[in-house]
């Protein structure tokens, strides 16, 4: 379905022409008044705190519950007068607990203990939040738009780790975080049952496209430059970045892309997506009539997904066809984003926090071989022996985490970087986060998720993941300088080191540490050891390697 832009096109210029109705008036005491900005829907009043103006819960789409489910969102309705936007809007409905990875025991949740989300859950979730140094339409600052992690079924733009205050105040950028539909509400493919839902399997991604359109219409009034917008995301957010890079309708809505600890090589084939939808409809007892889903309570649908089990629940992902014509990176670099510069990176020990349960930390060598043999075909004894030759000091748990880090995240990220080095017209920069967090005795090393507070400068908000110390402060400064300069000018320019683009021959990678360095193709020997292992699909399945990966390592 095409976006209904007729109303928005007629009023798109309002925010640009009139800008802020009260862009930070000063009171007699010298404090800044609450900022008021004219958006395409009406006057929005925010708040000032920590040296920035904040606007929370701004609508970029109409409510999408009930009979608006599984369809492209309508434009938000205008409002009279001035409306306050000081509180986060709803986050998307989602499972009540985190799921273990690919059938392994539940990992230690300790590092996540201080991550909080103040927002309630509800289907009226098409909201975004803005942090800006000043809501001045003449400022034209670079814009960073955050796409949250949590796969395609969990998370929100209101968690404390992604608060944009520090990034906006210290790095002079406008920060936007976005909520959108997730899981079954964002990716339930029903087009095979009713043409009215032809692209229902991608409405979660289309929400993000609509958010980017809203940003393009309105961000100048908040002090941002609509022609300098970079999208960035971690884990599932990085996968969303990659999906957008393959969506023709998203072209021109962003000018740089950053994928932290996650890419998307494959979407869901329509046949698989239809099978998952049929299974859910059977579980819910509505036959093959998608219209009956529109009258069910939100929780009933979530309960139906839970009843299906984790294997099915992971299959509600972006669907190939319609607004996402091709797999994002399975067949090469998407033509619609070849000219978009990109940063791709991973954390050295991604898997420690994803699969680091007490039994895994306690593995011995026999247990390691047995654990790997349950997951992968082939000679696991030879694989373990190869790792022991490469890293004699590693423990069995260290080797397991190294294999799983490559399998789950690192290998596919380097694959995308290599594709772009050979086939994109815009440069790609690659990093490896190497600074280990000292929490819990340092046992997690450099885990998945660590790059989020470092990129936002929110270490003080999430002490269970990372302390505020000299190391984290230096690493955070480097990442924030890199991301903000990338948004500003299309290339990352940290103050402490020159970061060259990633080349097909040199494969230069920025090792982000308290003292950063440039290294060539780090851990390439591991990828040679893993060459015959299947690839991880975002839906939890194993897949054969993409054809273009042959000979890449």
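Cβ from N, Cα, C; glycine included.
Because TrEMBL annotations are produced automatically, they should be read as predictions rather than curated entries.
In the three-state DSSP scheme, residue 235 (active site, acyl-ester intermediate) is classed as coil. For residue 235 (active site, acyl-ester intermediate), the number of other Cβ atoms no farther than 10 Å from its own Cβ, over all displayed protein chains, is 25. Marked as active site, acyl-ester intermediate by TrEMBL: 235.
Marked as active site, charge relay system by TrEMBL: 350 (among others). Take the CB of residue 350 (active site, charge relay system) and look out to 10 A: across all protein chains shown you find 29 other CB atoms.
In the three-state DSSP reading, residue 448 (active site, charge relay system) counts as coil. What TrEMBL lists as active site, charge relay system is 448 (among others).
The domain 'Carboxylesterase type B' feature in TrEMBL is assigned to 34-517.
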- [ ] Provide the three-state secondary structure of residue 350 (active site, charge relay system) computed with DSSP.
- [x] coil
TODO: Looking only at the domain 'Carboxylesterase type B' (34-517), report the model's average pLDDT.
DONE: 97
